[in-house]
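Everything below concerns the one structure shown next.
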Amino acid sequence: MAAGTVSDNKVSVVLGTQWGDEGKGKLVDILAKDIDVCVRCQGGNNAGHTIVVGGVKYAFHMLPSGLVNPDCISVVGSGVVVHLPSFFAELEDLEAQGLDCGGRLFISDRCHLVFDFHQIVDGLKEGELGRGSIGTTKKGIGPAYSSKASRSGIRVHHLYHFEEFEKRLRTIVSARHRRYGEFEYDVEAELQRYRQLGERLRPYVIDSVEHLHKELGAGKRILVEGANALMLDLDFGTYPYVTSSNTGIGGVCTGLGLPPTKIGDVIGVAKAYTTRVGGGPFPTELTDAVGQKLRDVGAEYGVTTGRPRRCGWLDLVVLRYSNMINGYSSINLTKLDVLDVFDEIKVAVSYTISGKSVTSFPADLDDLETATVNYVTLPGWRENISKCRSFDELPANCQAYVRFIENDLGVPVKWIGVGAGREEMIAI
Ligand code: GDP
């Protein structure tokens, strides 16, 4: 991504390869030193990145984590859905921790807004689904994308034609009342609040399509920060246990108004084992003491919700499928240090479904239910790798684990996370 290379005039992209929480934030933070613009393209404040810099822990939910670099401009792109009170709360928290974001944070005028009624509806919807609930973060993201798809959504630019804003808000709230009954929601107070929020937001609002294309044309280095991950993609994830946007490479184009010809490096972030939050299939899940050990050593508890994450071994069926869809040019393997404590490490290489060997991820959840997972067992290294700063310093068994993954995927592993801190990363 250095100036003068072929990647100039193309965006670089960081995407989650599994079910999220792979540690994308740390890579973005490291890359942010060499970029001019950091962009979010989809999702909302249901994502959670934690970045530790100089002993300070920053929690990002909706804002691009490039903000930790004081020279980096950050853009919330058109495909993101934004709950404005949360946008300002997150900004205030970051500024209270000493990050000056003034003049370097922008939001697309095409972003759809998430309202409190969307959050109420999120809870009511999950309640209706009962035991089959998706396990959403109840932040109203899904209902806001539903409003968008049903063409009754409200976008940022509507705030500046307030009559239109008011008409649309009243219409959509009545429709939700008809559908979900008379839940408590003070439309008059909400209108007041959004009149003020709109004014507060004004300095941040841009036409992000034109803005990004101009930045690209000027040779600026742009990094797109994916939220959630491929297995939560609305189309290619474990539907319906997915998020409500396209989290794969397609979402980068549709969420930003960028053609595929403008996409350069696509870096897939893969945790050295697998975790998942919420409901839905997870073939390599371990519900035993080994799973609990992964959870404890890996501190696998959600940033946004605090929920314990489900844990299991690395699944190459998932990663191969993820790579087919996103076409990774390199991989960042994260949290490899968490595996330091295991005598042996398993890796899923195929499933057996109805007597047949399956090497790509199936669409049908019922098929997955009955799948037997076939593992290869590799020897552990039983050594603390957190001080290693080059591939050669890693124990031989640890190197072999990385090579095994690399060979299977046919994608080079270019970064290896060996601890939570910014400096605890091996670049190859
Ligand atoms: P993201 O949403 O994909 O950025 O992932 P999260 O921020 O939810 O989870 C990543 C967590 O793992 C954070 O607490 C990071 O500080 C931590 N982390 C990231 N990389 C590593 C690593 O290589 N080793 C360890 N032990 N922790 C890491």
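Note that Cβ sites are derived from N, Cα and C of the backbone, with glycine treated the same way.
Annotation source TrEMBL lists GTP binding site at 20-26, 48-50, R309, 335-337, 417-419. For D21, the entry in TrEMBL reads active site, proton acceptor. Annotation comment: TrEMBL describes D21, E22, G23, K24, N46, A47, G48, H49, T137, R151, N228, T243, R307 as IMP binding site. Under the heading Mg(2+) binding site, TrEMBL lists D21, G48. Here TrEMBL flags H49 as active site, proton donor. If you look up TrEMBL, you'll see K148 marked as active site. Under the heading substrate binding site, TrEMBL lists V303, T304, T305, G306, R307, P308, R309.
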Filtered recorded positions, from N46, K148, N228, R307, P308, whose Cβ is under 6 Å from an atom of ligand 1: none
Cβ-Cβ neighbours of H49 (active site, proton donor) (radius 10 Å): 23
Among K26, K148, R307, the one of these recorded positions whose Cβ has the fewest neighbouring Cβ atoms within 10 Å: R307
Candidate recorded positions K148, G306, R309, pick with smallest Cα gap to T50 (GTP binding site): G306
Between G306 (substrate binding site) and N228 (IMP binding site), the C-alpha gap once rounded to whole angstrom: 16
Neighbouring recorded positions, C-alpha within 10 angstroms of the residue listed as 'active site, proton donor' - of D21, P308, R309: D21
Spatial separation of K26 (GTP binding site) from G48 (IMP binding site) - C-alpha basis, Å: 12
When distances run from the Cα of R307 (IMP binding site) to each of the recorded positions D21, G23, K26, K148, L336, the nearest one: D21
The one of N46, T50, N228 whose CB sees the fewest other CB atoms within 10 Å, among these binding-site residues: T50
Intrachain C-beta neighbours of P308 (substrate binding site), sequence separation six or more, cut-off 8 angstroms: R295, E300, Y301, G302
